[in-house]
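As recorded in TrEMBL, the features of this protein are as follows:
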type    : residues : note
BINDING : A:HIS85  : heme b binding site
BINDING : A:TYR97  : ubiquinone binding site
Amino acid sequence: MSAAIRQHAVRGLMRARPMTISRIHTTAAVSQVGTTHAPDRVHGSYHWDVERAASAALVPLMAAQLAVGANPVTDVLLGVVLPVHLHIGFDACITDYYPKHKSPVMNRLMTYTLTTATAGILIGCFQFNMHDVGITEFIARSWTA
Amino acid sequence: MFATRAVNSIVAQNVARTALFKNASAVPTGIRAFRATPSTMEQSPDAESELLRQQRLVRPKSPHLTIYQPQLTWLMSGFHRITGCAVGAGFYVGALSYLALPALGYNFDTSAIVASVASLPVVAKVGIKTTVAFPFVFHCLNGVRHLIWDTGRFLTVDGVYKTGYAVLGSSAAITLYLASL
């Protein structure tokens, strides 16, 4: 019985379709059972480290924003750390709702869209900090307008 | 079938107590008739798969939002993600608009935005500030709560609830302060 369930689960994994369509009783070979991807620190623990480092760095950055106000160092740092934090956050959502094994096309499409958008906001933040008043001053002015 | 027989034999052994039933004298009819063992039908494998497929379509599906008891834990976790995505999407749209709108002919620098914000009525300003501030403040404070968990602290049910209420209370207070600015 468990072999049939395993076969069925593998069927669901092998074909990126909902499991409602797959058959239960099959006799096909189950060559993919028990396999896993190669361990990879970059997408594993290092990713976790970068995620927490970016989140933690935002705390003193925002404190500096409140304490000092507009400052080119704060703004430039914020213009890098904030897009990184946003990218990692949205990437986690993509991984959760469009996993590669279930919806490979949507996953790739959304990842490319996100990467392009993150590149765009990195450029946008840089331009804003260089040619406009800077992120902190913008928030201060528009909040107290 | 066997369950019905068992119930019948239990009632037969305890006739006095079966006065609870309406027709206590007639033992089988005093018990509400039920089929303990519904009849089964042999199916072909294809038909079994089809039945299972139909069952799956009406079965409650993860994340079971309609039947899961509301709890602070998952409500705050979901709200953390929702607020993060909302504020993040706003930032993405704003930053990309800053790059794109001048090419389309619109003025989108600080002075234009500050001027348009200043021209809003006070009610709208306070309303917008509250609507923008609360998700941001909640996400920040809950983010700190997540970082505290990453150090290993407050990883108990009691700790999760205490820090959760602390985040909710302080984010309400800070939002009110920010909206008053």
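Every residue, even glycine, has its Cβ placed from backbone N, Cα and C.
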Residue pair A:TYR97 (ubiquinone binding site), A:HIS85 (heme b binding site) - Cα distance, angstrom, rounded: 19
Distant-in-sequence Cβ neighbours of A:HIS85 (heme b binding site), under 8 Å, six or more positions away: A:ALA54, A:SER55, A:LEU58
DSSP three-state assignment (helix, strand or coil) for A:HIS85 (heme b binding site): helix
